[in-house]
Amino acid sequence: MDTTIDGFADSYEISSTSFVATDNTDSSIVYLAAEQVLTGPDVSALQLLSNSFESVFDSPDDFYSDAKLVLSDGREVSFHRCVLSARSSFFKSALAAAKKEKDSNNTAAVKLELKEIAKDYEVGFDSVVTVLAYVYSSRVRPPPKGVSECADENCCHVACRPAVDFMLEVLYLAFIFKIPELITLYQRHLLDVVDKVVIEDTLVILKLANICGKACMKLLDRCKEIIVKSNVDMVSLEKSLPEELVKEIIDRRKELGLEVPKVKKHVSNVHKALDSDDIELVKLLLKEDHTNLDDACALHFAVAYCNVKTATDLLKLDLADVNHRNPRGYTVLHVAAMRKEPQLILSLLEKGASASEATLEGRTALMIAKQATMAVECNNIPEQCKHSLKGRLCVEILEQEDKREQIPRDVPPSFAVAADELKMTLLDLENRVALAQRLFPTEAQAAMEIAEMKGTCEFIVTSLEPDRLTGTKRTSPGVKIAPFRILEEHQSRLKALSKTVELGKRFFPRCSAVLDQIMNCEDLTQLACGEDDTAEKRLQKKQRYMEIQETLKKAFSEDNLELGNSSLTDSTSSTSKSTGGKRSNRKLSHRRR
């Protein structure tokens, strides 16, 4: 299915109409004179010239580029000052200022920091490349595959969040770089879809159109009209839009005779306390008995607008219905899916949130997460020892929740088992979680936060030795050793470890399968035996061992590289980092032999 946004395919061609002169003297692109009429050969020559300039921009070797545009995530886009200065008055001024700064600071290269140029709206790498390619070639590229498409296979990718985000980012950059013809094009694209997007995305479009001001008046007026007639509540308006825009919307609602319900004082106080991350104040307000968390939609508010810790702390009070719906018909899980925060989704599911609940429009939390996540992000399987992208994690968690009823849940280890068996269980759990932290850091961190691992005491070999538990000192091999017994201080750690592993198996089966493969003790034990094995069986075992060894090598090489880099930048912290590295090896030395 062709997922190209309408209008992009045609805009990638140069025709005589593409160069009709206008009276717009603010354009960064030089136009032909009005009396000039392009013939067939002229068009072909311009296409060839455009292709040549574009190939220079796309050259993988930077092709004599002498400046860089630095994005907020640290990535850099190389470009040629002579080209951008000739094509764009904005870049001509910006680069002249950057060169003066370079000369005064004796820096090696001219760099423009995008966060200093485009401060009001976050933009991504692909939109930056699209706009710069336009400045080079005067042609609008189609969106990169998977960037303007969501992860929902049933979506037509016209008005989903990735498609809207890409258009907004290009529009904003065109506004910042003063490219009016690109503003006109993308404003038209957004006007075509603004009636099809969900109302939450309309708020985002309205905010950006307001930033662009007069350059996007048609889009601004249309978004205002939609929001005025919508049922978007005051809290959402105040948290999403500038104060003057909120006032204008309220005034227009009153003029039309529409009801404008005010937020109750006691509800507002709860929200203000949450904004201040003050859970204790929330408790005091609830004791006054003027409102409760459900009536105030406090959990919805915290999940949507507060930091993750505040939202999870509020959830731990167990005073709110996790399946309660707000006036828009959303459950808390729906809101968490919109925010794309894995830890919040995990916390809500653990507290009993239903993933099967649908919005008034018929969307489940999984559908919301998919439609908010780029296809390229969701299809990108993360490498081991690398952090996973949040959007993909959210989709993965919610997909597993859909299958949960078909999968039997693991029973946490009981304390009423043989001492030696319990000891080995503790060591296995500790090793498994330590290995998960190395191979799948993002997934492990999310599970550990929910399992409340922080604050529990780590199990190490010396902490489980009978000598330490009894307080005696071994003086000879003949001294009788007291049997292992678990201390009360270790029980919380055991529960947290078990919970972490359970969450991993429940929500991250992809990661758990790799850990199961490594933690399979029988597999490793058999590698040490087998005198009567056939040559084929020995080869299979050798291959199996090499697979496990390679996985472990990769994990530790990443860890050592990180520690090495840290030691170069901070000699003081290198000592503590080295200690951390030894600690990691010690944890993995718990493995049975």
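A Cβ is built for glycine as well, from the same backbone N, Cα and C atoms used for every other residue.
Swiss-Prot lists 65-144 with the feature domain 'BTB', giving sequence analysis as the kind of evidence. Residues or ranges marked as S-nitrosocysteine in Swiss-Prot (evidence: experimental evidence): C156. Per Swiss-Prot, region 'Disordered' is recorded for 563-593. Residues or ranges marked as repeat 'ANK 1' by Swiss-Prot on the basis of sequence analysis: 229-258. Among the features that Swiss-Prot reports, repeat 'ANK 2' is placed at 265-295. Residues or ranges marked as repeat 'ANK 3' by Swiss-Prot: 297-324. According to Swiss-Prot, the feature repeat 'ANK 4' maps to 328-357. Positions annotated as repeat 'ANK 5' by Swiss-Prot: 361-397. Annotation comment: Swiss-Prot describes 345-348 as motif 'SIM3, required fo binding to SUMO3 and subsequent sumoylation', evidence class experimental evidence.
In the repeat 'ANK 2' (265-295), helix, strand and coil residues by DSSP number 20 helix, 0 strand, 11 coil. For the motif 'SIM3, required fo binding to SUMO3 and subsequent sumoylation' (345-348), residue counts in helix, strand and coil come to 4 helix, 0 strand, 0 coil, using DSSP. Secondary structure of the domain 'BTB' (65-144) per DSSP (helix as H, G, I; strand as E, B; remaining residues coil): 41 helix, 12 strand, 27 coil. Counting every protein chain shown, 14 other Cβ atoms lie within 10 Å of the Cβ of the residue listed as 'S-nitrosocysteine'.
Under DSSP, residues within the repeat 'ANK 5' (361-397) fall into helix, strand and coil as 21 helix, 2 strand, 14 coil. DSSP assigns C156 (S-nitrosocysteine) to coil, not to a helix or a strand. Residues in the repeat 'ANK 1' (229-258) partition by DSSP class (helix H, G, I; strand E, B; coil) as 20 helix, 0 strand, 10 coil.
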